[in-house]
Amino acid sequence: MTVRPSALDPAIASRLRRNDAGLFPAIAQQHDTGEVLMLGWMDDEALHRTLTTGRATYWSRSRGEYWVKGDTSGHQQWVRSVALDCDGDAVLVRVDQIGPACHTGTRNCFVADPLPTRVGDPGVTADAGPAR
């Protein structure tokens, strides 16, 4: 596993579960509406920068460098809160998104390619028909 040097609080770092590249997913969510905006990747240092600067910072897997959301596009993410999930293998970054979150220009990264989905019904089970 690749773990780059970081100033992240060791108490936080010890709770993180990372992949073999030393990364974990970071879900960006609009703080006031709950809209899921995007998924990025962080390592310990990206999380440290996010927690201490108030700007969402990610690790670019393709470029191999840190990037602060909005530094190039102007579509900034101002951090409102960060939460670690129950397994320690993902973080939820609640932000105030300025402009589109997606590099394609859409508000979020999940609008371009909806998949065909059978919609579930909590009152119906797959095998037995309607629940009683």
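Positions of Cβ are set from backbone N, Cα and C atoms, glycine also.
Annotation source Swiss-Prot lists Mg(2+) binding site at Asp85, Asp87, Asp89. Annotation source Swiss-Prot lists Zn(2+) binding site at Cys86, Cys102, Cys109, citing sequence analysis.
Of all Cβ atoms in the shown protein chains, 16 besides its own fall within 10 Å of the Cβ of Cys102 (Zn(2+) binding site). Sparsest Cβ environment among the binding-site residues Cys86, Cys109 (other Cβ atoms counted within 10 Å): Cys86. For the pair Cys109 (Zn(2+) binding site) and Asp89 (Mg(2+) binding site), the C-alpha distance works out to 21 angstrom. Rounded to the nearest whole angstrom, the C-alpha distance between Asp85 (Mg(2+) binding site) and Cys102 (Zn(2+) binding site) is 23.
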